[in-house]
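Asker: So Swiss-Prot has the following annotated:
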TRANSMEM  1-8  transmembrane segment
TOPO_DOM  9-16  topological domain 'Periplasmic'
TRANSMEM  17-37  transmembrane segment
TOPO_DOM  38-50  topological domain 'Cytoplasmic'
TRANSMEM  51-71  transmembrane segment
TOPO_DOM  72-77  topological domain 'Periplasmic'
TRANSMEM  78-98  transmembrane segment
TOPO_DOM  99-107  topological domain 'Cytoplasmic'
TRANSMEM  108-128  transmembrane segment
TRANSMEM  130-149  transmembrane segment
TOPO_DOM  150-164  topological domain 'Cytoplasmic'
TRANSMEM  165-185  transmembrane segment
TOPO_DOM  186-191  topological domain 'Periplasmic'
TRANSMEM  192-212  transmembrane segment
TOPO_DOM  213-217  topological domain 'Cytoplasmic'
Amino acid sequence: ACIGVFSLVKIYQHEYIFALWLMFITVVIDAVDGTLARLVNIKKILPKIDGALLDNIVDYLNYVITPCFFLLVKPGMLPPEYSVFLIAAVSITSAYQFCQCDAKTPDHFFKGFPCYWNITILYMFIFNTSAATNAIILIILSILIFVPVKYVYPSRLDYLTESRILKILMHICSIIYAVSSICILISYPNTNIICLSLSVAYVGMYLFLSFYRTYYP
């Protein structure tokens with residue numbers, strides 16, 4: 001949560017790369033915090049703390065509010081005449097996503113687009129897409145929140161496959177994705193084609209697996 005607030009500060013100060021670094025750190029923390037909590041049996045240690053509620057509060061800050069603020073503050077990200085409506089659409093549909101009782105399915109998938117808005121704006125920023133293109137992307141992803149596709153939960157792969165080897169390969173791919181994202185941020189404003197290709201390939205693989213497991217369980 002603290003890093004999310006610092007991200008907002010850096011966005012306000014127009015230090016966009018610094019803000020993206022901080023947002024990347026929040027994604028890494030989110031990827032491992034649940035695993036670490038289960039590893040130490042945090043429910044037993046802190047029985048009166050609702051970890052799931054805290055996780056949702058922090059995730060809404062980091063995955064929704066911070067990216068929305070980025071889109072509003074950085075010039076050229078959205079068409080000025082539609083920016084308020086687009087941000088309203090993103091924030092309201094995301095609130096719906098977070099409030100669903102089955103937003104995370106019993107077999108550990110996300111139902112509907114899982115509000116990866118921080119990752120979305122990273123690619124908008126790196127590819128320098130036009131405001132009109134960004135608007136279309138935001139509208140499509142907001143609609144996908146209501147489409148019951150089961151998106152892979154990267155840190156919980158037990159129901160994705162029974163193969164231990166495939167699970168290990170998925171974790172390796174996730175690590176490669178993280179490293180490639182780091183290289184992309186380090187290289188900016190230059191473009192590291194290899195790292196960018198690896199990053200986009202991972203997103204493609206993630207979407208393929210999600211749609212495949214939805215329609216061919």
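Quick reminder: no glycine exception, Cβ is built from N, Cα and C everywhere.
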Asker: For the topological domain 'Cytoplasmic' (150-164), find every same-chain residue at least 6 residues outside the stretch whose CB is under 8 Å from a CB in it, and list them.
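Answerer: Distal contacts: 31-32, 34-35, 104-105, 107-114, 170-171, 174, 206, 209-210, 213-214.
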Asker: Between the stretches 17-37, 51-71, 108-128, 130-149, 192-212, which wins on the count of C-beta pairs under 8 angstroms to the transmembrane segment (1-8)?
Answerer: 51-71
Asker: For the topological domain 'Cytoplasmic' (99-107), what is the mean per-residue pLDDT, to the nearest integer?
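Answerer: Mean pLDDT across the topological domain 'Cytoplasmic' (99-107) comes out at 88.
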Asker: So which of 17-37, 51-71, 108-128 has the most C-beta pairs under 8 Å when paired with the transmembrane segment (165-185)?
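Answerer: Per the Cβ under 8 Å count, 17-37.
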